[in-house]
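Per Swiss-Prot, the features are as follows:
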BINDING   Lys11, Phe59, Arg87, Thr93, Arg104, Asn114  ATP binding site
ACT_SITE  His117  active site, pros-phosphohistidine intermediate
Amino acid sequence: MPVERTFVMIKPDGVKRGLVGEIIARFERKGLKIKALKMKWLTREEAEKLYEVHRGKPFFEDLVNFVTSGPVVAMILEGDSAIEVVRLMIGPTDGRKAPPGTIRGDYALDIGANVIHASDSKESYEREYKVFFSDDEIVGDY
């Protein structure tokens, strides 16, 4: 299995509900390493850049408004097949359809307040992490 990195962002609903520690603990228990971690309040411009692939879709404005409504916690995780592993751990976008045991299945309130975002491909990772981190903020091997 290839060692790779993925970008993860705990959305404002997850931060406000005090789920940050539990979510990070799940990733660490799965053997993923935190390579970068940051809490911030996204600007509209940053949110639009992060979700650029959804521009023009009916939900784009609501999504941007939601992720700029409170602080988020962004991180880069590294591990074997990290992108696939994290996507399986978080569950489908619609938390109502996410199975119990997944992050969204356990914590999402609806399709919008679904607690977490994660890259779905290497290309997404390369684009998304740059909204939050410069390369010199990513920790090397430890």
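Heads up, the Cβ atoms here are built off N, Cα and C, so glycines get one too.
Cα separation, His117 (active site, pros-phosphohistidine intermediate) to Phe59 (ATP binding site), rounded: 15 Å. Ranked by how many other Cβ atoms sit within 10 Å of their Cβ, the recorded positions Arg87, Arg104, His117 place Arg87 at the bottom.
Burial estimate for the binding-site residues (Thr93, Asn114): highest at Asn114, by number of other CB atoms within 10 Å. Taken over all pairs of the listed ATP-binding residues (Lys11, Phe59, Arg87, Thr93, Arg104, Asn114), the Cα spread reaches a maximum of 21 Å, rounded to the nearest whole number. Look at Phe59 (ATP binding site): DSSP puts it in coil. Every protein chain shown contributes to the tally, and the Cβ of Phe59 (ATP binding site) ends up with 12 other Cβ atoms within 10 Å.
In the three-state DSSP reading, Arg87 (ATP binding site) counts as helix. Long-range Cβ contacts of Lys11 (ATP binding site) within its own chain (separation 6+, distance under 8 Å): Phe66, Val67, Val72, Ala113, Asn114, Val115, Ile116, His117.
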